[in-house]
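Per TrEMBL, the features are:
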- 12-34: transmembrane segment (TRANSMEM)
- 40-59: transmembrane segment (TRANSMEM)
- 91-115: transmembrane segment (TRANSMEM)
- 145-163: transmembrane segment (TRANSMEM)
- 175-195: transmembrane segment (TRANSMEM)
- 215-239: transmembrane segment (TRANSMEM)
- 251-277: transmembrane segment (TRANSMEM)
- 297-330: transmembrane segment (TRANSMEM)
- 342-364: transmembrane segment (TRANSMEM)
- 376-397: transmembrane segment (TRANSMEM)
- 418-441: transmembrane segment (TRANSMEM)
Amino acid sequence: MAQQEQWKSKIGFVLAAAGSAIGLGAIWKFPYVAGTGGGGAFLLLFLVFTLVLGMPLLLGEFMIGRMGQSNPVQTYGKLALNPKWNFIGKLGVFTSFLLLSFYSVVGGWIILYIVKLLSGGLAGLTQDQYGELFGDIISNPYPTIAAQLVFMLVTILVVAQGIQKGIELASKVMMPALLLLFLILVIRSLSLDGAMEGVKFLLVPDFSKLTSESILFALGQAFFTLSLGVSVMLTYASYLPKTQNLPQSAISIIILNIVIALLAGLAIFPGVFSFGMEPNAGPVLIFSVLPAVFAHMPFGMLFFLAFLLLFLFAAFTSAFSMIEIIVSAVTKNDASKRKKSTWIIGMLIFIVGVPSCLSYGVLADVHLFNKTIFDLMDYTVSNILMPLGALLIAIFVSRKIPREDLFAELKQGSNVRYTFFSICYFLLKYIVPIAIIVVFLDAAGLSDWIIALFK
Ligand code: PFF
């Protein structure tokens, strides 16, 4: 087999994995699903799911990724000594393909916003006008498709270069910049009139607002933001030397991810309440609130431009990881095939994404299962395929790999305590699968039926 690529530095891996995690999920999606799902109660659930289910899963993917030193598909068969287990990797590759097809649509929206801002079209509008502008921008077929294409082309160009030159270098500079800008933004938002209402909405849980569906969304969101269940983290860990401290890397990524989601919430909800908007406005939320927040500060548009660029960058580093695993699966780590495969895969993803792109415009009336094409794609990936992948990975790691092998792997490069390992192992073996199954059944409305059966 071809020589496995390797990360250049320890921090490079953490930044790249954090780059995969932090993206549209924490910045764009988290505020709006939290807004729709009940604010504080949703946040709390999201945190619990992240720590109790996300953390062991992330470690699980890291352990078997580095252990297998292979691609996302063959790692499973190689470790289980039976190729039939490769289906978990194949499912991940398929999920990643669908995911990038609509993720790139939102990436395109950010590009269009940047173009709009540079042409002076964003300054000095009223709150309502920002909302309308977003609607106009995303419903226009040609520019949105063109922007989605640009997003895919950049992704292809970077990933075709190979992981080291592309992903690692880019992540090193941009992640710290993103954090800094978010901090400025939050300070600004908190100083708006009525900001505290927004802070309360985000931080004070009101459990009466939770529904089975919002619990499923919180679960999906926890996996989505950590890029779990797709074998992305497994693939990134396969490029690691044995000296990397896996628990420390996982914890840093989780903390960074939570911090960014919290900052995004704190940047947005004060604005929502201060401007008298609805927190459950949906995907438009960040695009209509933030320009208004920025518009009222000195050099606002300059800051907004910086924000959009970093936001776009965060989306790119996630997109790189999605296409990377498909490329890695297809080329089986043969570097000579990388360029061509990346181009073919990237273009296919673009084509599959076009209907999602149009579903905010000319295809807006096309509904399947009561959802637009875009929403259906997102729902299928985030709330069905990713939790399903996570379930399979949890079962695979905890039941197919001997416990002592896992601990031995985790210990390399770290002096992790056995207790910590045991807790994660227990969570992975029992709690993660049970939680995912229960949330699935509950959201499918089956729980009442099952309870009735046992009465
Ligand atoms: N974690 C990314 C985000 O929050 O935007 C999305 C993502 C990337 C999900 C890669 C899954 C994945 F494999």
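The backbone N, Cα and C atoms fix where each Cβ goes, and this holds for glycine too.
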Taking contact to mean 3 or more CB pairs closer than 8 A (sequence separation of 6 or more), are the transmembrane segment (145-163) and the transmembrane segment (91-115) in contact? yes
Comparing 12-34, 40-59, 175-195, 376-397 for Cβ pairs under 8 Å with the transmembrane segment (297-330), the winner is 12-34
Given 40-59, 91-115, 342-364, the one sharing the most C-beta pairs under 8 Å with the transmembrane segment (251-277) is 40-59
Return the stretch with the most CB pairs under 8 A relative to the transmembrane segment (40-59), choosing among 91-115, 215-239, 342-364, 376-397, 418-441. 215-239
May I ask you to check whether the transmembrane segment (342-364) and the transmembrane segment (91-115) make contact, with contact taken as at least three Cβ pairs under 8 Å and only pairs 6 or more apart in sequence counted? yes
As a test: from 91-115, 215-239, 376-397, pick the stretch that has the greatest number of Cβ pairs under 8 Å with the transmembrane segment (418-441). 376-397
Report, as numbers and ranges, every residue of the chain located at least six residues beyond the transmembrane segment (91-115) whose Cβ falls under 8 Å of a Cβ in that stretch; write 'none' if there are none. 23-24, 28, 72-73, 122, 137-138, 143-152, 155, 229-232, 234, 283, 287, 305, 308-309, 311-312, 315-316, 318-319, 322-323, 325-326, 329, 345, 348-350, 352-353, 356-357, 374, 377-378, 380-381, 385-386, 388-389, 392
